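According to TrEMBL:
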DISULFID  355-384  disulfide bond
DISULFID  436-459  disulfide bond
DOMAIN    650-793  domain 'TIR'
SIGNAL    1-24  signal peptide
């Protein structure tokens, strides 16, 4: 029941409340559109100068203004709302509002005006709200010109100096249809002239009139209101200092007023005054009654009255903010509840519900007992008979009490056949390990701001459509419970400690889910797949791990369009990894390569395959397998030669490496010229000097080692011979230990360096860096060739002897390969004795 005055105040404050885009300008805060100015609480002693002329709303409340003049607002022709409340204004000049004819709301509440400033109010023909109460004028008499304010809807007037209300005080209001009229008088009204309120034409009437010393005036006031139609009649501090103890029925005329809501706010009440009020209310048209913040005290000589209040038919009965719970059974019974539909007992400090109280609530549909001190054993008493005691109860609110057991509440409500709504927020429920049986009619269950754990799911109704367990320190979910709640449509789990969202969470009817403000950081595209009806998700303010799964989930939601994220994107930020801390999730956009596993695998396989192919191409281009094979054979030969401990000496002046196709030239020309010279040269050729039965590679290496020089007979056939390449390779390895002068190149025919295969890189290097001998086709040039060759070989008379330096057979070599005999492939083993070898 919001009063009209409160509604106007809320409207004014809402208008005066400034938007976010504001800036300071002098002592005031000016809105961006320069239509609102907030100057409240600035200790101003005069109205600020230079305010924007387009200003429409100006708040100057809570300052130190003492007067306002015609110049203060003359430059504000568009002003519509002006708040001058809570100042010390004693003077308002007659022409103060001359240029403010658009003013609709003027608040001069709680100032020091000695009289009603009617001359200043005359131009304000558009005024709808005028609050000039709590000032220091002595009379409530309105000027005759007040009737010109025909648009007035809300008028508050009076103050602590008014001791008398005269008959014609409000006559100018007779033809003004007000929505609310409020009058404040002194603490003890001295005199009320009958007929004063008879002229009022209003829907809501507020009286802040204390009648401690003039209680009979209440009867006169009510008599003046006879036959009037009022939405609300409110009395504030009806008896401010004393309790009424007389027998005179002060509310005798209440039944003659067409009023729907009666409110008593503050003031002294005892069982006598309350009984008089209730007796008349039950005879009236009143359907709503509220006793708020009253000071109730039982009389010392009180006893059970013979007159029972058992016909108080009310839609709403509100008992709020009353420190003495004795008011509940002021006449020692609870009979005044038996015709009430909606009963609210809020903050009345009671901690026990007697059995007979339930008996008197057979017509109650809504029971609100929030903000009290109820405990488990006081709300459910096993000695009471609860069967069919509240057959109409649909809504039960017991929030903000001291309850710990859901089972106690389930036992209490199990026999209420129509119960649908249960609110148990702000208690200590949900921590006990207990099982409950609830009435299947319950569809809404409020359990926010409790202390729950997973045991709570054993004691929740399964018939729910709406469940709220926000702010309840819940850490884990029970999937079994949600599989049983076939009708659950809304679930609120905000501000808990949930650390994990199971992908198996199944709730077929769920439409709204709130899990914001929890502790989980991982969700993925499958997190809510088992909730086909889900269309609203509130999941902000969680410590999100910004991963590909989260990114995929967000993309799925945005593309699908079925699920709407509340508070997106401002409430969704990254918590992990550290580099993305406090980054909005919407700004996290990983590349496809980071998130697509199939793509990563495909790229990895492709790159690996490309590398393998590249390696194969490189091996083919540079003949790496051949070199590896040759090196392996050298190592093996060295190892085998290491086993031979015999002393080696240079046996030959030269080892000749040649192709089988050049054998005729070697035997007919080279050997003939060198071995028949005087003195003769000792030459080694494989056809004659290789030891039968020995490994071919060993023969090559050993005879090269026994020779001072190595003669390479180069031709195209040499290049195409695998064994010649071996001998070239071994000769090169020997040359490393000696000098490249030990290798003599004899070119039989022109060979292009570019035509040499890649594996002959050593030969290419020798031909490009070393002087070689070229066999001349012309006979007349051949003698010079032999002279050059002999010069390179040295004098044959020089004794052949071992030379120091590098020796192949002295290095670590691989194990011996098995020797072979018989007619074998020369690339595999040695030949039988007497067989020649074609090493081409």
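Each Cβ is built from the backbone N, Cα and C atoms, and glycine gets one as well.
Values in this document were obtained by computation on a predicted structure and should not be read as measured data.
One residue stands out among the disulfide-bonded residues 355, 384, 436, 459 for having the most other Cβ atoms within 10 Å of its Cβ: 459.
Across the domain 'TIR' (650-793), DSSP assigns 83 helix, 23 strand, 38 coil. In this structure, the C-alpha atom of residue 355 (disulfide bond) lies 22 angstrom from that of residue 436 (disulfide bond). Calculated from their C-alpha atoms, the gap between residue 459 (disulfide bond) and residue 384 (disulfide bond) amounts to 23 Å. Residue 384 (disulfide bond) sits 19 Å from residue 436 (disulfide bond), taking the C-alpha atoms as the reference points.
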